[in-house]
Amino acid sequence: MLKQRIITAVLIVLALFAALAYLSVAALSGVFALAVLIAAWEWANLSGFVSRTGRSIYVAVCALGMALLAWQSGLYAEQNFLVLREIFIAACLWWAIALLWVKAYPLSSGLWGSKGARSVMGLLVLVPAWLALSYLRSLPEGVYLILVVIGLVVAADVGAYFTGRAFGKAKLAPAVSPGKSWAGFWGGLVSCLTLMAILWRIWPEGMPISLPAALGLALVTGLASVLGDLLESMIKRHRGIKDSGNLLPGHGGIMDRIDSITAAAPVFALGLIVSGWV
């Protein structure tokens, strides 16, 4: 299992770097869309749709939502900065609600446990994340910015893993994900801050924001990545399944790999706007 996980992870990293290096903005956005639509197929199952027809319809609705946001924001033409900002603000407000539901689980399942509610949740998770990643790539420093947000997510995950194993006793969210600890949580955030401090110091021509602003951006992005992971864990626990799919050997489904980035990407994108980076 460990060997499979390592091989799959290496292949994912190589594919990501190749896509960032060689694909145009529109082509990379299409790759992101493909990943999100596969995740939508998996989320349909998390919502309770078991038939191919039901899951296919859900994927189509997700694709329609992505097209609508791309059109409203002028993603591929003359971008509407105000619309983009409003979409990312709305996405962050959604994640604030998700935080309350995660904290209140299992009592909160009475609010979101129905098939319809979980279906809407999936759209709120996936569609803004795709828009955020596509928007980041469209910026002049887009490749670097995508690597930064992914790096912060990985730093939070790796930091949490090692500090959690070494010091984890008090559980972060035992009803949702018993393996996560407060020690791991803080270790992950420290890793995010450390990575951002290093990047701020070595950034070509210097970051256009102050060090405190950069650290604040890293902090909220790291927090969001933890929440994205916990939300999917909550939905899977409610559904009674371990993985969202089996597409990635040793890792589960696409949704299991992008759960953290679905929350981190829109938060990071809004953070760039609020901090004055863009």
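Glycine is no exception: its Cβ is also placed from the backbone N, Cα and C atoms.
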Quick one: sort out which of 142-162, 247-267 is the transmembrane segment according to TrEMBL.
142-162
TrEMBL annotation (transmembrane segment) - matching range among 37-56, 117-136:
117-136
Is the transmembrane segment (209-231) close to the transmembrane segment (142-162), in the sense of at least 3 CB pairs under 8 angstroms with a sequence gap of 6 or more?
yes
